Amino acid sequence: MQIVILKDSASVAEYGANIFIKQLQKKADSVLGLATGSTPLSLYQGLIAANKDKQISFKAVTTFNLDEYLGLEGTHPQSYRYFMNEQLFDHIDIDKSKTFVPPGDAENPIAACQGYEDKIKSAGGIDIQLLGIGRNGHIGFNEPSSGLMSRTRVKTLTKATIDDNARFFKEGEYQPHLSITMGIGTILDAKKVVLLATGENKAEAILATVEGALTAACPASALQLHQDAVLVIDEAAASKLTDRDFYKHIEVENQKLMARLGL
C-alpha cells in the first residue's frame, strides 16, 4: 500500500487527478471505476480541465460507478447517476452509453447486481478504481461487517452513513436506507485502486485502514491485500498515523526511484 501524505485537500485532488490523467494517456480505452461524494469533486474538475486542454480524451473510456441509492431514478437530484452527469459526464467528451451506474430503480435489484458484475467482466475489468472513505471505514456502501470478498449486492446503510448523507436531502424528503454497491471483492479486482481522504474527521478511519488489523469492522482495511493501492491523504487525515514521518520518507524515496526509471 502506497501512502501519499500531502499538505491540503487541493494537493490531494491534483495528485489524484494526475494518476488518472497518466492512465488515460497510457491507455485511451481505460475502464475507470468512479466514486461520488464531496472528496472527488476537485479531482473531477482536474479531469475536466485536462480534457478541455486536449491532454486527455474520454471518447474510448468506459466507466463504472461504485454505488447507487436503491429507490432513486437516475433523474433524481440525489441519485449518483445525476451527480456524475452534473459533476463530470456533461463536461467531457465521453459516450454516456459507456458510463454505468448501478440501477437504483431496478425492478429486480438482485438480478441487477449480477448484471453489473457481468458488465464489468465484459469490459475487461476495471483498470483504476477511485475511492473515498467513510468515517466508519466504509468504501462504496460496504459498511462495517461487509464480507471482504463480497460482490455487487444490495446493502442496508448504517445510521452513521444515513446521518452523514442527510445533508444532501431536503428536510422531509425521502432518503433511501438501501443501496446497490460494488462489493469489496469487486473493488479488489481492479488493477489499481486510488483512495482519497481529507480532513481530521477521516483520521480514525485512515488509521484503521493503514495500521489496523485486516478486519470486516473496517472495510477499507481490505486494501492491505491489494498489490497496487494508493492512499492519497492530507495532513489532517494522516494526523493519527503513528508512522506518518516514515510514510513520507518512503514516498520521497519512491519518487526518486520512479524518476530514475523514467516512470
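Note that Cβ sites are derived from N, Cα and C of the backbone, with glycine treated the same way.
Swiss-Prot annotations:
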| type | residues | note |
| --- | --- | --- |
| ACT_SITE | ASP67 | active site, proton acceptor |
| ACT_SITE | ASN136 | active site, for ring-opening step |
| ACT_SITE | HIS138 | active site, proton acceptor |
| ACT_SITE | GLU143 | active site, for ring-opening step |
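Here the features listed in Swiss-Prot are painted onto the structure.
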residue : record                             : Cβ neighbours (10 Å)
ASP67   : active site, proton acceptor       : 21
ASN136  : active site, for ring-opening step : 18
HIS138  : active site, proton acceptor       : 25
GLU143  : active site, for ring-opening step : 21
Between ASP67 (active site, proton acceptor) and HIS138 (active site, proton acceptor), the C-alpha gap once rounded to whole angstrom: 12
Separation of alpha carbons, ASN136 (active site, for ring-opening step) and GLU143 (active site, for ring-opening step) (Å): 8
Where HIS138 (active site, proton acceptor) sits in the secondary structure, as DSSP reduces it to three classes: coil
